[in-house]
Amino acid sequence: MASLIYRQLLTNSYTVDLSDEIQEIGSTKSQNVTINPGPFAQTGYAPVNWGPGEINDSTTVEPLLDGPYQPTTFNPPVDYWMLLAPTTPGVIVEGTNNTDRWLATILIEPNVQSENRTYTIFGIQEQLTVSNTSQDQWKFIDVVKTTANGSIGQYGPLLSSPKLYAVMKHNEKLYTYEGQTPNARTAHYSTTNYDSVNMTAFCDFYIIPRSEESKCTEYINNGLPPIQNTRNVVPLSLTARDVIHYRAQANEDIVISKTSLWKEMQYNRDITIRFKFANTIIKSGGLGYKWSEISFKPANYQYTYTRDGEEVTAHTTCSVNGVNDFSFNGGYLPTDFVVSKFEVIKENSYVYIDYWDDSQAFRNVVYVRSLAANLNSVMCTGGSYNFSLPVGQWPVLTGGAVSLHSAGVTLSTQFTDFVSLNSLRFRFRLAVEEPHFKLTRTRLDRLYGLPAADPNNGKEYYEIAGRFSLISLVPSNDDYQTPIANSVTVRQDLERQLGELREEFNALSQEIAMSQLIDLALLPLDMFSMFSGIKSTIDAAKSMATNVMKKFKKSGLANSVSTLTDSLSDAASSISRGSSIRSIGSSASAWTDVSTQITDISSSVSSVSTQTSTISRRLRLKEMATQTEGMNFDDISAAVLKTKIDKSTQISPNTIPDIVTEASEKFIPNRAYRVINNDDVFEAGIDGKFFAYKVDTFEEIPFDVQKFADLVTDSPVISAIIDFKTLKNLNDNYGITKQQAFNLLRSDPRVLREFINQDNPIIRNRIEQLIMQCRL
């Protein structure tokens, strides 16, 4: 099928000529050395007139949509919408102040003639006459009574296509929606003690601040946007360069050689590097108990200092690479304290400092050799950050320290529209130091590294003293400046092309026809057919294929294959050394990474979620190794890639290697895989969600993680193209046979095409979601 292109690249990407490898090393030695270079590093744009640089601050952002949360009973805060997303008809929410207002909302499916139904409302069986004459829209009805045992009246109907409803407490009223989508509007009911109204939700719900009411109305009328994970950070592996020592004065310019037009100058300089870290703190929406991200960001700093009686103006940019992600999850309720991710730099991380000053040494840093630097070390100690909770004692992230040690220096170039500034990039390796860091009032304690919460600890800057030496080829006439070599701008132009191409690729997702996509996903796409639509491909087929394979060799998918191969080799050698396969690690451990934890499984949901997530991240490779007749995520990914390549007006042989590699890593980030055991299905996603259910009834059963780990070792692994929630929704609304269920579980392309040709909205919506996840 279409995923043949990825398997072909994995097979052939390790055949590279030595001369090509040497050329690759030479061209990328000082390029793309950090995943987050910032606005003043390598290929960024620097200002023409230097300003004071960025102010190191923390930004708190309240996201628009917080959730989804599970059904629960709680007192929602005033001025926040509860956006309800029910999947089945019936009572979806209840709310009362226990004095004079009892309000509930019921959902009625389409095409219901007037009939009597029994609903359990506030614990009492109530007979209601309901109807919904619409053929394609669902109907929400508010049922209201003013005493606990009084009669019920029906108010404020809402006819909805997206099947969404919302309620909010504001200004001594309960606000809801009424009318008909896509023109639904707000309505309200007056109530006393409105701030004490408890809500009981019987379906998943989201929380949206009243300041974003227009967005809430947009969701009510048009539906929720696709929920996607767009963050993709791949740390690079770096090797420190040896530092070359020179016997020279600290500050001097030496003429090494001279001809009529050119001369070689050796510049030796004492330098003082001052830098600081910057961070971003993003607080989740909702009730104020959750933080989504605490991360490092590039920090610019401009300063002056005196060198041999001369005042020097300098500018630095500090960025980090190879960060470590930590998290804390206090529970799953809206009032449980959660930090989804906070970054920490440790001994496996690197710090980059780009340095430029206004001295003669940086005027002609273009053709350079014999570049070396000696720098002192510096200790960076973290401060404290208070997590300001609405109620209760505040957790505090405090402590942590690392020391920076020089690990090499390279050239970097900063571009503007008018001038090009040539800088030195100093690379520092890290060592962890005392004190350790901890998150008070939680289990996180005695951890080492420097968290991003307060990396400067109140200091204006950190300072490093040292010196550098370089030999530069410059014009003999000191009034001339060395022209910038054309090769310097190659990577910058390519990055600009890639940026424009990524925007075009993401926009093309709206133009893909699903029926054609399924047919294309079934074709065996190889290197030639994948790139046949690109102009001048045939003339440059060999060189372009080689470039694609070289780039793909460094992709996350190729690295995963290498890691898995090593794990399988270790497992095989372990088996030969002992009698008990399970006790010393079997091939199952290579696929799942949890064989050592299987015997000590916690009964908590978070433990099972972590283990299933760990297993699921390996199942993409397992599925590639044991192909089935069903369609998989990589078939869809490759088909979308082929379609976008054919439709693109900006694609070229130069950008193809980066685009193919990015597509293999970033397309469809939210994947789930399943294994089938008789009539039982086990399904797990890389996001930690897991389900076990019966094929014929879709009734959920207990999830046995040990059985799941055994099955993924011995049984075929199948991409959950149509996931469990979609299948259950399809069965509840349309009803499907057991054979149809099996075919959908096996991702049978013939059955998928039938449902799409029948214009089934549930299946089409699921495929559309997968296509929208194919973004760069």
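Heads up, the Cβ atoms here are built off N, Cα and C, so glycines get one too.
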Per Swiss-Prot record, range annotated coiled coil [choices 8-35, 92-119, 204-231, 484-511]: 484-511
Which of CYS203, CYS216, CYS318, CYS380, the listed disulfide-bonded residues, has fewest other Cβ atoms within 10 Å: CYS203
Packing count at SER190 (site 'Binding to sialic acid') (other Cβ atoms within 10 Å of its Cβ): 11
DSSP three-state assignment for CYS216 (disulfide bond): helix
Structural state of ARG101 (site 'Binding to sialic acid'), classified by DSSP into three states: coil
Rounded to the nearest Å - Cα separation of CYS380 (disulfide bond) and CYS216 (disulfide bond): 44
Residue distribution over DSSP helix, strand and coil in the region 'Hydrophobic' (389-409): 0 helix, 13 strand, 8 coil
C-beta crowding around ARG101 (site 'Binding to sialic acid'), within 10 angstroms: 20
